[in-house]
Amino acid sequence: MEDDCRPLLSSEQTGESYSHRGSTDSLDVKVKRPFYVEPRNIVDDDPQERVSAEAAILNSRVHYYSKLTGSSDRLLSPPNHVIPTPEEIYVYSPLGTAFKVTGSDPSSKNPSIITIFAIWNTMMGTSILSIPWGIKQAGFTLGILILIFTGLLMLYCCYIVLKSPKAIPCMDTSDWEFPDVCRYYFGKFGQWSSLIFSMVSLIGAMVVYWVLMSNFLYNTGQFIYNYAHNVNVSHSDFETNGTEKVICPYHNLNPGENNSINTLYLGNSGNETSDVMSFGRWWSKTNTIPLYLIILLLPLLCFRSASFFARFTFLGTISVVYLIVLVTIKAVHLGFHLEFHWFDTTQFYVPEFRLLFPQLTGVLTLAFFIHNCIITLMKSNMHQENNVRDLSVAYLLVGLTYLYVGVLIFAAFPSPPLFKDCIEPNFLDNFSSSDVMVFVARTFLLFQMITVYPLLGYLVRVQVMGQIFGNHYPSFFHVLVLNILIVAAGVLMAKFYPNIGSIIRFSGATCGLALVFVFPALVHMISLKRQGKLRWPSALFHSFLILLGMANLVAQFFM
């Protein structure tokens, strides 16, 4: 029965390699094999509809050409005007029925506005929390310039990735991803290296998620406990007064000393104070909370399918929109606090140009990173001719969002009385755990990350297990061991080095070296060279991109 349903209209591989895998869009009129069918009933809206006289004549012409030559000889293949147009193609079965061939369902395609916001939503991750810290590390003026420049570079490299499958001649690359392109140009080395660096970005994101989930769960629980027990929290002298409290969690910038500020919990009696201290021992951001998360998330990682968690991806959009609203309200209430000192550090302000700027470039490499899935996202675009425009608009929106959050938080940070250097890698840490609006933001982000974390784990499992064992779920034991290793990495970082800014910049610079700078630049140069179009300005510029990616990674170790 399976043979009965096989289309008699198929492509022929003659001298060139054509691989049409399940997509009717790949039916190229220039490579259709001559075919012959008798007029049959057409299965369409009207079961009794007959093949028209024009279709019967067309069939006779193609039958005539098929008699003139064998299918392996393309010299007398039917000319283009004889081959049916896509809307006239039917798949025929020897059982006497024919089904009209249609392209991919138009309803499954998205208009440009949906595609643009899908890219925006995908790129808007945890990096947005570290943008103000990155601008502080680079300096306000230099940080803005670097953000714009890095966004343009990342856009260009993403454009190369998007166009790379179409630059491969004589092959159907309609369902290729960038690792397939790397395999085509660099063999197994390209395939495995692109996989490894993709794993770096995914596992790095999972580690950052674990650190942030520990942070958000701690502060959420602290808010609920303090509210239920009427506990007042004081952060000593390193906070602002008034309704909009801003704190400096690590006021002493000397790494050799204890940087933690003294947090005072004021209860109504000595017993209540003792209870608060006891609660603090069991509800610790670094000692206990990372372990509590294992109970919840390790079983979720072992689910065979992640489709259930994919239903909650809308929480990401809600969280980002709420963050933008939160930042706007805080900036309005706090006002702007800016002084421009170009190279000298003052008591409350940082210079406009700082040598720590590579920390921002590392963060931005991950913040603008979407290169490993941009081809898949763009396939659903209804108007493929607008892909470059839509990609550019999406990057513009992402850049404006990062710029808006980073500039407002930096400018509104109250200096004096606090130092600009107090801006944290997670800017929410600069607000008290008793802040209601920040509590809502942390709660939103916590639930979002709890649903996204298993999705990231699923992607890691599919790529690792698929490459090693050829099966996405070889056994529960294999999956459990992999998940334990991933969770252990998150727990260790949350306990001993909960600095999401540094984790983001290292993982961003590492994966960006291969998937943003090296592979796209090499693929582009090799493609142009094979076409005889490579010129020295292009070779020089793309070689500079490779050196830039290497310098970005090396610089992270000296910051």
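The backbone N, Cα and C atoms fix where each Cβ goes, glycine too.
TrEMBL lists 115-226, 286-556 with the feature domain 'Amino acid transporter transmembrane'. The region 'Disordered' annotation in TrEMBL covers 1-25. The transmembrane segment annotation in TrEMBL covers 113-135, 141-162, 192-212, 289-307, 314-336, 356-378, 390-413, 436-456, 476-497, 503-527, 539-558.
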Residues from the same chain, set at least six apart from the ends of the transmembrane segment (314-336), whose C-beta lies under 8 A from its own: 121, 124, 128, 243-244, 246, 401, 404-405, 408-409, 411-414, 431, 437-438, 440-441, 444-445, 447-448, 451-452
Candidates 141-162, 192-212, 289-307, 356-378, 390-413; stretch with most C-beta pairs under 8 Å toward the transmembrane segment (113-135): 390-413
Selected stretch (most C-beta pairs under 8 A with the transmembrane segment (390-413)) from 141-162, 289-307, 436-456, 503-527, 539-558: 141-162
Sequence-remote partners of the transmembrane segment (192-212) [C-beta within less than 8 Å, at least six residues beyond its ends]: 125-126, 129, 178-179, 182, 186, 290, 293, 366, 369, 372, 426, 445, 449, 452-453, 456-457, 459-460, 463-464, 467, 486-487, 489-491, 493-494, 498, 500, 503-504, 506-508, 510-511, 513-515, 519
Helix-strand-coil residue split for the domain 'Amino acid transporter transmembrane' (115-226), DSSP-based: 97 helix, 0 strand, 15 coil
